[in-house]
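Heads up, the thing below is written out as C-alpha coordinates.
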Amino acid sequence: MLYFGFTHCPDICPDEMEKMAEVKDALVAKAKSDSIVDDPARDGVKEVAEYIKEFHPEMIGLTGTWRP
(Lines of atoms letter the chains of each structure in order from A and count residues from 1; the text may use other names and numbers.)
(Lines give C-alpha, C1' and ligand atoms only; values in the text may rest on other atoms or scores of the structure.)
Protein backbone atom coordinates (compact mmCIF):
# COMPACT_ATOMS: atom_id res chain seq x y z
CA MET A 1 0.00 0.00 0.00
CA LEU A 2 1.23 3.45 -0.80
CA TYR A 3 -0.23 6.71 0.47
CA PHE A 4 0.75 10.21 -0.63
CA GLY A 5 0.11 13.01 1.84
CA PHE A 6 1.77 15.46 4.19
CA THR A 7 2.05 15.96 7.95
CA HIS A 8 0.48 19.44 7.96
CA CYS A 9 -2.90 18.14 6.79
CA PRO A 10 -5.43 18.66 9.60
CA ASP A 11 -8.49 17.12 7.97
CA ILE A 12 -8.45 14.14 5.62
CA CYS A 13 -4.86 12.89 6.05
CA PRO A 14 -5.21 11.63 9.65
CA ASP A 15 -8.43 9.81 8.72
CA GLU A 16 -6.75 8.17 5.75
CA MET A 17 -3.71 7.21 7.84
CA GLU A 18 -6.03 5.55 10.37
CA LYS A 19 -7.56 3.53 7.52
CA MET A 20 -4.10 2.51 6.34
CA ALA A 21 -3.23 1.34 9.86
CA GLU A 22 -6.43 -0.74 10.03
CA VAL A 23 -5.68 -2.38 6.69
CA LYS A 24 -2.08 -3.02 7.77
CA ASP A 25 -3.34 -4.80 10.88
CA ALA A 26 -5.84 -6.83 8.85
CA LEU A 27 -3.25 -7.98 6.34
CA VAL A 28 -0.44 -8.39 8.90
CA ALA A 29 2.64 -9.74 7.10
CA LYS A 30 1.02 -9.84 3.68
CA ALA A 31 1.30 -6.11 3.08
CA LYS A 32 3.88 -3.44 3.52
CA SER A 33 2.52 0.06 3.96
CA ASP A 34 4.48 3.17 3.10
CA SER A 35 3.56 6.82 3.13
CA ILE A 36 5.25 9.33 0.86
CA VAL A 37 4.94 12.94 1.91
CA ASP A 38 4.75 15.54 -0.80
CA ASP A 39 5.67 18.65 1.19
CA PRO A 40 9.45 18.29 1.65
CA ALA A 41 9.81 21.98 2.51
CA ARG A 42 8.04 21.35 5.84
CA ASP A 43 8.24 17.58 6.25
CA GLY A 44 11.78 16.47 6.98
CA VAL A 45 12.84 12.99 8.05
CA LYS A 46 12.22 13.72 11.75
CA GLU A 47 8.73 15.17 11.20
CA VAL A 48 7.68 12.30 8.94
CA ALA A 49 8.99 9.63 11.33
CA GLU A 50 7.14 11.16 14.29
CA TYR A 51 3.92 11.56 12.29
CA ILE A 52 3.91 8.03 10.86
CA LYS A 53 4.57 6.36 14.22
CA GLU A 54 1.40 7.99 15.63
CA PHE A 55 -0.63 5.73 13.35
CA HIS A 56 1.22 2.40 13.21
CA PRO A 57 4.62 1.26 14.49
CA GLU A 58 5.38 -0.74 11.35
CA MET A 59 4.51 1.93 8.77
CA ILE A 60 7.35 3.56 6.85
CA GLY A 61 7.40 7.26 5.99
CA LEU A 62 9.39 8.63 3.07
CA THR A 63 10.34 12.18 2.15
CA GLY A 64 12.83 13.76 -0.20
CA THR A 65 14.09 16.93 -1.76
CA TRP A 66 11.96 18.91 -4.18
CA ARG A 67 13.60 19.76 -7.48
CA PRO A 68 11.95 21.84 -10.21
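Glycine is no exception: its Cβ is also placed from the backbone N, Cα and C atoms.
Just so you know, TrEMBL annotations are computer predictions that nobody has curated.
Straight from TrEMBL, the features:
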type	residues	note
DISULFID	Cys9-Cys13	disulfide bond
BINDING	Cys9, Cys13	Cu cation binding site
#### Entry: Candidate with the highest Cβ count within 10 Å, taken from the disulfide-bonded residues Cys9, Cys13
Cys13
### Query
What does DSSP say about Cys13 (disulfide bond): helix, strand or coil?
helix
